[in-house]
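K.L.:
The following feature annotations were taken from Swiss-Prot:
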REPEAT    92-114  repeat 'LRR 3'
REPEAT    116-136  repeat 'LRR 4'
REPEAT    137-159  repeat 'LRR 5'
REPEAT    184-206  repeat 'LRR 7'
REPEAT    277-297  repeat 'LRR 11'
REPEAT    299-320  repeat 'LRR 12'
REPEAT    359-382  repeat 'LRR 13'
REPEAT    383-405  repeat 'LRR 14'
REPEAT    430-452  repeat 'LRR 16'
REPEAT    477-500  repeat 'LRR 18'
REPEAT    501-523  repeat 'LRR 19'
REPEAT    524-547  repeat 'LRR 20'
Amino acid sequence: MERVLKSARESGSLNLSNRSLREVPKEVYNNLDTGAQDEKWWEGVDLQKLILAHNNLEVLREDLRNLSSLVVLNISHNNISSLPAAIGDLPLLKSLDVSSNQINAFPEEIGFATALVKVDCSNNCLTDLPVSLARCLELSELNASNNTISVLPDELAGCSKLFRLNLEGNKLVTLSDKMFMSWTMLTEMNAAKNLLTAIPDGIGALSKLIRLDLHQNKITLIPPSIKDCSSLAEFYMGNNLLTSIPEDIGMLSNLGILDLHSNQLKEYPVGACRLKLSFLDLSNNSLSGLPAELGTMTTLRKLLLTGNPMRTLRSSLVSGPTTALLKYLRSRLSSDEGASGSGSTPTKDDQIAAARRLSLSSKELDLSGLGVTSVPPAAWETNDVMKLDLSKNSIEDLPNELSLCSSLQSLILSNNKIKRWPGTVFSSLASLSLLKLDNNPLAEILATDLEALSKLEVLDLSGSASSLPEPSAVSKLPHLKELYLRRMKLHGFPDSLLGLKLLRILDLSQNYLTSVPEGIKDLTSLIELDLSDNNITTLPPELGLLEPNLQVLKLDGNPLRSIRRTLLERGTKAILKYLKEKLPAE
C-alpha cells in the first residue's frame, strides 16, 4: 500500500480498485500526507484522480472535502448507501462515477460541484434526481439507468450541454417538452424500459440526435415532429403500444436502423418506404401485408416479419432471405403500375406543377430526378421556398433568377453537370446553410467563391476531384458543421480543416490519404469522422483526445498496421481509448 501511495503522491492519481477495502485509508483523506519524516512535501502533487471501484466500502466520509483538487472520483461497485455533503466542496470535480451501489438519494450539495461534466449514478436505489443538479451547467453526460426514478425535475432543462443521456430501467411516466426544447445538443438518448406513454412533440428540437432508444414502454404514438430529428441513425421502439407510424418518418434521411417489433401496427406506411434502412424489425405486430413500395428499399439488409398474420405473402417469403422478399415486392409494384388505368405517364410539367403545389405548405420544393437540363421557373416563382432539391438532373448552369430565392436555406444540386461555380447566384442567398454540389464536374473553387456563403453549416463537394477548394477556402466558413469530401483524390489531409472548430461531421472517405495529422485533436466538436477506404497505415495517439465526443470513427478499407483487427472490430470507443493510452504521460 505504501508503494502505491508514494506513486500517487508523485502522479496525482490513485487507483485502489479491487482490493476488498472496507474503508477508505485515512492517508487518502489527508491528501496522501502520511507525515513520514523522509517525505519532501514540495515534490508532492495534489490528488486529482481517485479510483476506489470494486471494493466493499460502505461509507465515504465528509473528510472528502480535503481533496479539493480532485477531478475524477470513481467509487462504483461498492456498498455505499449515501454520499457525503462534502461532494459539493470539490470545485474541480469533472467526472463522478457512483454506479452500482445502494445510494437512495443525492445530497443537494451536489449542485455546488459546478465543474461536473460526467455523472454516472446507474444501478442504485434513487427515486429522484436533485433539483440542484441543474446548477451543474457543464454537465454533458448523465447515466441514471436502472434506478426507480419516476419523474425528472423540470430544472434539468437548464443542463443545455447534455449530449448523452441514459435513463433506461426506471419508472418514468412522462418526459417534458421543456427539456427536449432545451437539450438541443443531445446525440444519444436511452429511456427504454420505463412507463412512458408518449413522446413529446418537442422531440423535433433534437436535430443532432443520432440514437434514440425508447423500447419497452407504453407509447401509443410517434409524433410527426420526429421528422425534424434529421441526424437520427438508430431508432428503437420495440415493445410499445403503437398502432401506426407517421408518414413523415420517411423524411429521416440518415435513419439506418428502425426497430418496431412487438407493437400493434396494422400497416407500414408507403411514406416510410423512402427510408434508407439497413435493418427493419416489424416482427410480432398485426400486419396482414406490406406495401409494394417497400421493395424499393434496396439498402435493406435485414427485414424481420415473423409473428404477423400475413395474408398477402407466402410464409416462405416472410421467413426467407430479405433480398428475395424485396425482389417479390418490386415485381408486384411494377405489375400494379401496369394494371392501374390508362397507362399514361405524368409529363414533366405535371410533376413540376404537383411539386410546386406541395411546396406552398411545406416550403420545400422537390424537383429531383426529372431529367431537366435547366432549372424550371417554378424554382423562383415563389420566393419563400426554404429547401430546393434539384438533384439527379442534367443541369449545367444556375440562372440569375434563382437569386430571388432570398429565403432559401437548403440547396441540393447533387448529380448534375454544373461546371462553373455559380458565384452570382450564391452571393444573393444570404440565408443558405446547406449546399450539396457533390458529383458535378466543377472547376476549381477559389477562396473568394466561399466568402459569400459565410453562414454555411453543411457542404458536400464529394466526387468532384477537380473542384478541391483552395487551401484557405474553407477557412471562410467559420460556422461549418458538416463537410463531405468523398472521392476527391486527396493525397494529404487538408490542414485548413483543422481550424473548423464547430465541425461535427467530416467525411474524407475514398481518397488517397496516408496519414492523419496530430492537429486532428483540435476538432473537439467532431462526433463523426469517416476515413474509410484510404491508404492510412497508422493513427496518431492524439486522435484519442476526441473521446468522448467522437462517437463514429470509420476506418474500413485502410491498411492499418498499428492496430489489431480485433480492436478495430470493437468499435470507436475501444479504438479511441487505445490511442489515448498511447499518449505520453504529462
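Every residue gets a Cβ built from N, Cα and C, even glycine.
Help me picture where these features are in the structure shown.
P.N.:
Mapped onto DSSP classes, the repeat 'LRR 3' (92-114) shows 5 helix, 3 strand, 15 coil.
Residues 76, 81, 93-110, 142-153, 155-159, 166, 548 of the same chain lie 6+ residues outside the repeat 'LRR 4' (116-136) yet bring a C-beta within less than 8 angstroms of a C-beta in it.
For the repeat 'LRR 5' (137-159), the list of distant contacts is 94, 99, 114-131, 165-176, 178-179, 181-183, 185, 190, 548: same-chain residues at least six beyond its ends, Cβ to Cβ under 8 Å.
On the 0 to 100 pLDDT scale, the repeat 'LRR 7' (184-206) averages 95 in this prediction.
Beyond its flanks by at least six residues, the repeat 'LRR 11' (277-297) meets 238, 255-270, 303-313, 325-333, 336 of its own chain at Cβ-Cβ distances under 8 Å.
Proximity of distant same-chain residues to the repeat 'LRR 12' (299-320), defined by a Cβ-Cβ separation under 8 Å and at least 6 residues beyond the stretch ends, is recorded for 256, 261, 276-290, 326, 328.
Within the chain, the repeat 'LRR 13' (359-382) has long-range Cβ neighbours (under 8 A, six or more residues past its boundaries) at 348, 351-353, 388-399, 401-402, 404-405, 407, 412.
Within the chain, the repeat 'LRR 14' (383-405) has long-range Cβ neighbours (under 8 A, six or more residues past its boundaries) at 359, 363-375, 377, 411-420, 422, 424-425, 427-429, 436.
Nonlocal intrachain contacts for the repeat 'LRR 16' (430-452), taken as residues 6+ away from its ends with a CB within less than 8 angstroms of a stretch CB, comprise 391, 406-421, 423, 458-464, 466-470, 472-477, 479, 484, 486.
If you look at the repeat 'LRR 18' (477-500), the same-chain residues 6 or more away from its ends with a CB under 8 A from one of its CBs are 433, 438, 450, 453-465, 468, 471, 506-517, 519-520, 522-523, 525, 530.
Taken through DSSP, the repeat 'LRR 19' (501-523) splits into 5 helix, 3 strand, 15 coil.
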K.L.:
Where else in the chain does the repeat 'LRR 19' (501-523) make close Cβ contacts, counting only residues six or more beyond its ends and a cut-off under 8 Å?
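P.N.:
Same-chain contacts beyond the ends: 208, 462, 478-493, 495, 529-540, 542-543, 545-546, 554.
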K.L.:
With helix taken as DSSP H, G or I, strand as E or B and everything else coil, how many residues of the repeat 'LRR 20' (524-547) land in each class?
P.N.:
6 helix, 3 strand, 15 coil
K.L.:
Hey, which bits of the same chain come close to the repeat 'LRR 20' (524-547), Cβ under 8 Å, at least six residues off its ends?
P.N.:
187, 208, 210, 481, 486, 501-518, 553-563, 573, 575-583
